[in-house]
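This report refers to the structure that appears directly beneath it.
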Amino acid sequence: MTGIRAIFYYFLVDLLTLLCWAQGKGGQHFGSTVVVSDVNLSNHGDQGSSEPPQTAEGCRGYFDVMGQWDPPFNCSSGEFLYCCGTCGFRYCCKFKQARLDQNTCTNYDRPVWLQPGKTPPKIDDPSHDPTRDKTNLIVYIICGVVAVMVLVGIFTKLGLEKAHRPQRENMSRALADVMRQQSHCATEHTERDPNLVIHVQHYETMPSRSSANNLHSSKINNVVPTSPHLPQMAHPHSYPTMGQISNPYEQQPPGKELNKYASLKAVAEKGNDDFYSKRRHLAELAAKGSLPLHPVRVDQERSYSPEGGTLKVNGQKAKANKIHTHPLASTYNPDYKTWDHSEHSLRRQAYATKKHCPVESVNEPLQSQNQHFMPSQPYFVTNSKTEVTV
């Protein structure tokens with residue numbers, strides 16, 4: 001029984017000894033046993049290999065990513081004793097395991113792209129395939145679509161112009177043919193009817209405001225000269241420029257138009273002056289009461305009408321003399337002809353037919369001219385103050 005207790009105490013003492021050694025507590029008595037702590041269990045040779053103290057480490061100078069030179073510096077402030085970071089950005093730290101191996105960096109020399117006159121060598125990237133790069137494909141597609149649209153618009157415009165061009169040419173040709181037929185018809189009608197006067201006016205050369213002389217001259221040119229006091233100007237061959245109507249597509253020189261207008265104006269003013277001077281002379285004789293009963297013979301001026309027209313007039317006047325049985329009718333001279341409203345209407349009809357003259361009117365017989373001539377009323381001269389013209 002006593003042996004068992006001794007063994008139990010022995011194990012208990014050993015256990016307590018181990019606990020005290022672990023906690024570093026010495027000098028404690030457990031009963032009769034003294035436990036000694038801080039026992040050096042190592043050999044005597046291991047006592048000389050103690051770790052030396054850490055020294056400060058410096059970072060070397062380098063070129064950063066912007067090409068600027070960063071000077072070297074030392075890590076000697078407190079606990080920050082190690083050079084840490086990357087090759088392009090370095091700093092001091094206190095963890096040894098994060099220290100940077102500066103021997104692996106290559107940015108200690110000046111970069112090539114900073115040296116003037118030298119281009120950096122092209123580094124082929126094996127991961128980059130230019131055949132698979134489609135970033136510029138969108139630009140090419142947009143430019144191609146715009147170019148195609150522009151070409152389509154241009155060709156469409158050209159096609160429309162070409163489609164409308166034959167119609168315009170046909171219209172211009174048809175208009176030219178119609179104008180040419182009208183001018184030819186007007187010329188033929190004028191040559192057939194010598195008692196009609198064509199009054200040609202060029203509106204481009206006429207002034208904006210017409211004077212009194214121009215108005216009188218235009219009225220006289222439109223009147224058929226049936227009286228011997230007014231010279232006849234109906235002959236189309238006296239003034240060749242009046243009988244021909246110019247082509248509207250041909251631009252005449254302004255000098256010829258001015259000469260034509262001046263000649264027509266001079267002839268009209270001369271006829272107007274002669275007519276009114278002779279009429280004033282007859283009015284003065286009628287006022288004085290000294291008009292003779294026999295007709296006054298006035299020398300006829302040179303007539304511009306053809307001889308055929310005067311013969312027809314004389315023949316018609318002879319018929320008129322046979323019809324009238326008035327005593328004074330024997331004194332009537334067939335050469336004297338007064339104004340008649342029927343002739344004015346006939347002239348208006350002639351001008352109307354000239355504007356709408358068909359092609360068949362050129363082949364009409366010449367006997368239709370006799371329809372334009374009607375016997376006119378004679379002019380009787382008396383001494384009465386209330387003289388009336390019939």
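Each residue, glycine too, has its Cβ placed from N, Cα and C.
What Swiss-Prot lists as signal peptide is 1-22, and the listing cites sequence analysis. Marked as topological domain 'Extracellular' by Swiss-Prot on the basis of sequence analysis: 23-134. Annotation source Swiss-Prot lists N-linked glycosylation site at N40, N74, citing sequence analysis. Look at Swiss-Prot and you will find 156-390 tagged as topological domain 'Cytoplasmic'.
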Worksheet item: Helix, strand or coil at N74 (N-linked glycosylation site), per DSSP?
Response: strand
Worksheet item: Taking every residue in the topological domain 'Extracellular' (23-134), what is their average pLDDT?
Response: 72
